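Attaching a single structure in structure tokens format; questions to follow.
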Amino acid sequence: MTAIIDIVGREILDSRGNPTVEVDVVLEDGSFGRAAVPSGASTGAHEAVELRDGGSRYLGKGVEKAVEAVNGKIFDAIAGMDAESQLLIDQTMIELDGSANKGNIGANAILGVSLAVAKAAAQATGLPLYRYVGGANAHVLPVPMMNIINGGAHADNPIDFQEFMILPVGASSVREAVRYGSEVFHTLKKRLKDAGHNTNVGDEGGFAPNLKNAQAALDFIMESIEKAGFKPGEDIALGLDCAATEFFKDGNYVYEGERKTRDPKAQAKYLAKLASDYPIVTIEDGMAEDDWEGWKYLTDLIGDKCQLVGDDLFVTNSARLRDGIRMGVANSILVKVNQIGSLSETLDAVETAHKAGYTAVMSHRSGETEDSTIADLAVATNCGQIKTGSLARSDRTAKYNQLIRIEEELGKQARYAGRNALKFL
């Protein structure tokens with residue numbers, strides 16, 4: 001009854017207007033699953049590879065080759081398989097690709113099928129996706145990391161850090177957390193406008209004002225939190241995504257906006273000072289993806305009092321994560337389904353992190369769609385934290401809205417992670 005009888009891949013557009021892969025999977029009993037694949041702007045060198053067409057069509061970014069793989073090789077390989085055999089299906093596709101980075105048939109092709117299979121199987125069993133994937137104990141609603149000021153590769157402004165985030169740790173529910181975020185977001189918009197700044201939004205829905213440095217961005221956010229009636233650090237904490245690989249050049253961190261250069265130790269000390277001066281509880285990619293010594297220095301410096309998240313460092317890859325665990329580097333992993341390219345490997349990365357005492361943060365990409373799968377996966381894994389952008393743009397709010405629905409559906413079983421999501425609070 002849960003045998004796969006049809007798979008249809010198609011080319012659709014993501015939130016940046018670039019092509020991406022969408023996949024429909026149909027089972028023998030008529031159950032149906034659909035998944036759309038996200039895409040990043042600042043991508044780690046060690047990520048699984050999206051298959052793009054090249055040439056002039058869509059300026060080289062077309063995904064017809066990946067769609068062809070879905071409708072051809074992948075369908076031929078997994079047609080008739082039981083959709084509930086997720087691991088076997090994912091392994092079959094990985095072996096079909098045959099490369100270390102999924103570059104032959106494309107991580108975007110494999111992931112689209114992997115997620116659509118899980119959704120179809122969930123429908124066949126009569127369970128919501130978070131319950132199907134996570135089992136009976138899936139009940140923790142994640143604290144959102146809301147990206148309200150954008151810089152770096154996500155915006156055209158002088159700020160070198162990529163994201164400045166708020167975390168509503170003091171809220172009592174995800175519904176309240178979304179309200180906290182929305183009120184701060186709109187307060188920030190007014191304050192930026194009153195100060196003469198542009199209030200257009202970046203790729204992830206946050207504002208992209210021309211501010212001179214990170215401190216200026218953090219000051220605006222702190223003022224907006226207070227003006228909205230909340231207490232910084234108590235109701236709402238702060239987070240950074242430095243995306244440091246983007247400005248790591250010849251062994252140093254080159255801040256073009258500030259016209260400063262910091263060596264790895266100076267970079268770590270700068271981040272430590274920011275975390276001391278502001279209620280910053282999480283820093284993502286504070287060091288570059290291959291600056292293992294810098295990461296170790298940063299972890300030794302503030303790893304006992306701040307969440308240090310590896311994104312480009314770990315790329316949702318259990319093998320790289322195990323290297324980091326062994327070296328005592330970072331204390332958290334960012335989880336992006338398209339970095340590794342299959343649901344099974346994504347779940348394995350979360351499990352590896354939790355076993356080692358590392359936290360895990362479920363995450364979107366800057367190029368998103370209306371697909372809200374990551375909201376379900378955040379609850380399924382009880383990871384307690386989610387990064388899915390700002391409080392604007394429907395490609396971002398779709399995930400918040402899904403979390404609100406899940407919380408409502410869980411009723412009294414639902415538990416908002418709140419301050420418990422971060423061991424340092």
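Backbone N, Cα and C atoms are what each Cβ position is placed from, and that goes for glycine too.
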Among Lys190, Lys193, Lys336, which is the one Swiss-Prot gives for the (2R)-2-phosphoglycerate site where Gln162, Arg365, Ser366, Lys387 also bind?
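Matched candidate out of Lys190, Lys193, Lys336, per Swiss-Prot for (2R)-2-phosphoglycerate with Gln162, Arg365, Ser366, Lys387: Lys336.
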Kindly point out which candidate in Asp203, Asp311, Asp312 is recorded by Swiss-Prot as part of the Mg(2+) site with Asp241, Glu284.
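For Mg(2+), Swiss-Prot names Asp241, Glu284; of Asp203, Asp311, Asp312, the listed one is Asp311.
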So which recorded positions are near Arg365 ((2R)-2-phosphoglycerate binding site), with CA atoms within 10 Å, out of Glu204, Asp241, Glu284, Asp311?
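So far as Cα distances go, the recorded positions lying within 10 Å of Arg365 ((2R)-2-phosphoglycerate binding site) are Glu204.
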Out of the recorded positions Glu204, Asp241, Glu284, Asp311, give me the one sitting nearest to Gln162 ((2R)-2-phosphoglycerate binding site) by CA distance.
Asp241
Ranked by the number of other Cβ atoms within 10 Å of their own Cβ, which of the binding-site residues Lys336, Arg365, Lys387 ranks first?
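The residue with the most neighbouring Cβ atoms within 10 Å is Lys387.
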Taking the Cβ of Ser366 ((2R)-2-phosphoglycerate binding site) as centre, how many other Cβ atoms lie within 10 Å?
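So the Cβ neighbour count for Ser366 ((2R)-2-phosphoglycerate binding site) comes to 24.
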Let's check the environment of Glu284 (Mg(2+) binding site): how many other CB atoms sit within 10 Å of its CB?
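Around Glu284 (Mg(2+) binding site), other Cβ atoms within 10 Å: 28.
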